[in-house]
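S.K.: For reference, the structure I am asking about is given below.
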Amino acid sequence: MSTTSEVRTARPARVERLAPEHWRSSYDLFMAGLHLPATSDERWAQVEGLYRPGLVYGSLVDDTVVATLMTTPLGMVVPGGGVLPVAGSTAGGVRSDHTRRGLYAALMSTRLQDLAEAGETFLVERPSVATLYQRWGSGEATATRTLRVHRDRSTPRADLPAPTGVVRQPVDGGLREVLAAVHARAVASGARPGMVHRSPAWWDAWDPYRGAAPTLAAATYEGPGGETGYVTWAVDFEGVDVASMRRVLTVVELVAGSPEVAAVLWRYLLHLDLVEEIRAPGRPLDEAVPLLLHDRRACRVEDTLDEMWLRIVDVPAALAARRWGSGTGSDGVVVEIVDEHLPANGGRYRISGAGVDRVATDPQLTVPVSALAAAYLGGTAPSQLAAVGLVAVHDRAAVPLADRLFATGAAPWCGTMF
C-alpha cells in the first residue's frame, strides 16, 4: 500500500500518514483554513477520538504540517435499507503560504489509491466548496433545501387523520443519550438512503447541542416500535416590544425513521403557540410539509444546496450492495463505467431488478464514475445526467429503464456533518 509521494513545492514536502504527535497540529491547520482559532485543550479532547492511526494524511515541511486530510470510518444507508461501511473525508486543509502547489491533489490521489488497495467501497464528503472533489470522481449524492413557514397562514389541513404515536418532551438531563439512541434507530430503519450512522466519537466531536442556545427545546416521537424520531429547535426574538415581537423558531434537527414519523413531528411544530415563523434549513428535498397545510403557499422553499458527495471506490461492490428498481425486464440495462483515476474500477455491467452481472456486450450507456455516484443513492436520475451530456447514450430505450432501476422511494439525505 502506498504511503508517500513526492510533491513539487518551493521547499521539499512529502505526503505521509501522520504520526499521533502531529494530529493536533493537523486539526489546528484544518481550523485555520476555516478562519477559526487554534484548538483549546478542551476542544482537542472532544475531537481526538476521531483520529485513527493510518487514516490521517499530511504534507510535512521541516517536520511542520502544511497540508492535511483525514478519513473517519462511518456507516451509510444505501437503497434497499442496508447500512454499509464508508470512509468519511474530513478535516482537510492547506496552510495559506503553501496553497496552489499541488499538495492537496497529492493528498487526495494518495488516499484514493490507498482506499482502493484496502478494499474500501465508498468515500463520502461534506466539502466546504462544491467544486472541491469533482475532479477525483465524486458526484453530488444528496441535496437539501431550507423551508420557511409563515405561521399566520399555516393552519394544518382539517381533513388530516389524527396522528399516531405520542410526541413528548424528554426530561431534563441526558438529552444526548436520548437523541443518539433515536438517531441510531432512524438510521437502522434504512428508510432514507444517505443517512450516516453517528458513533460515540462523532457525538464527542460534533455534538450539535454542546453550548446550545438557552431556548433549545426537544421532542421525541414514540410509536409501536419505540422512539423512532425527534425534533430539536431554538427560538430567536426579533424586537423588544411584547406586542410586536416576532418569534422565529429554527429547527436544529428533525430526524425520523419514516416519512410518517417526520410528518407527525412537523405537525407538532405547527401547533406550537407564540411562534410567527418556522425556519428549517438542511431538510430533505421530498419532505411533504406543504401537504400538511391548508394554504400550501405558507411554506416557501429556499436555498436548495448540495449536501453530501460520494466517491465510488469499488464499483462491483457498490453495484452489488444496493437494491435495484423493478419493471425493467430480465435484460435490464448494460452500462459501461469509466474511472480515469482508478482504471481497474471500470467495466461493463448488466443491471436489472434481479441484480448485477459483469458482461462483455456493447453498452447502452457509458457512465463516468462521478455520474454513477450522483445517481447511486437516487438523488439524480440517469435521464437528467444524459440530458446534459454527463452520460453517453448509445440506446435511447435504455434511459427510462435506467431511471426506474436507480429510483428510490425517498430522496437521499445525509443530515449529519462530519
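Cβ from N, Cα, C; glycine included.
Remember, TrEMBL labels are computer predictions, not curated facts.
Features from TrEMBL:
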BINDING   R100, R101, G102, L103, Y104, A105  acetyl-CoA binding site
ACT_SITE  Y133  active site, proton donor
DOMAIN    194-312  domain 'Eis-like acetyltransferase'
DOMAIN    315-414  domain 'Enhanced intracellular survival protein'
ACT_SITE  F418  active site, proton acceptor
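Could you tell me the structural context for the features on the list?
M.R.: Neighbour count (other Cβ atoms within 10 Å of the Cβ, all protein chains): 19 for R101 (acetyl-CoA binding site). Under the three-state DSSP scheme, R101 (acetyl-CoA binding site) falls in the coil class.
DSSP assigns Y133 (active site, proton donor) to coil in the three-state reduction, placing it in neither a helix nor a strand.
Long-range Cβ contacts of F418 (active site, proton acceptor) within its own chain (separation 6+, distance under 8 Å): T72, L74, G88, T90, V124, R126, V196, W202, W206. According to DSSP, F418 (active site, proton acceptor) sits in a coil region rather than a helix or strand.
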S.K.: Between R101 (acetyl-CoA binding site) and Y133 (active site, proton donor), what is the CA-CA distance rounded to a whole number of Å?
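M.R.: Checking the Cα atoms of R101 (acetyl-CoA binding site) and Y133 (active site, proton donor) gives a distance of 17 Å.
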S.K.: For the domain 'Eis-like acetyltransferase' (194-312), jot down how many residues DSSP puts in helix, in strand and in coil.
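M.R.: Taking the domain 'Eis-like acetyltransferase' (194-312) as a whole: 26 helix, 52 strand, 41 coil.
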S.K.: For Y133 (active site, proton donor) and G102 (acetyl-CoA binding site), what Cα-Cα distance in Å is obtained after rounding to a whole number?
M.R.: 14
S.K.: So what pLDDT does the domain 'Eis-like acetyltransferase' (194-312) average out to?
M.R.: 94
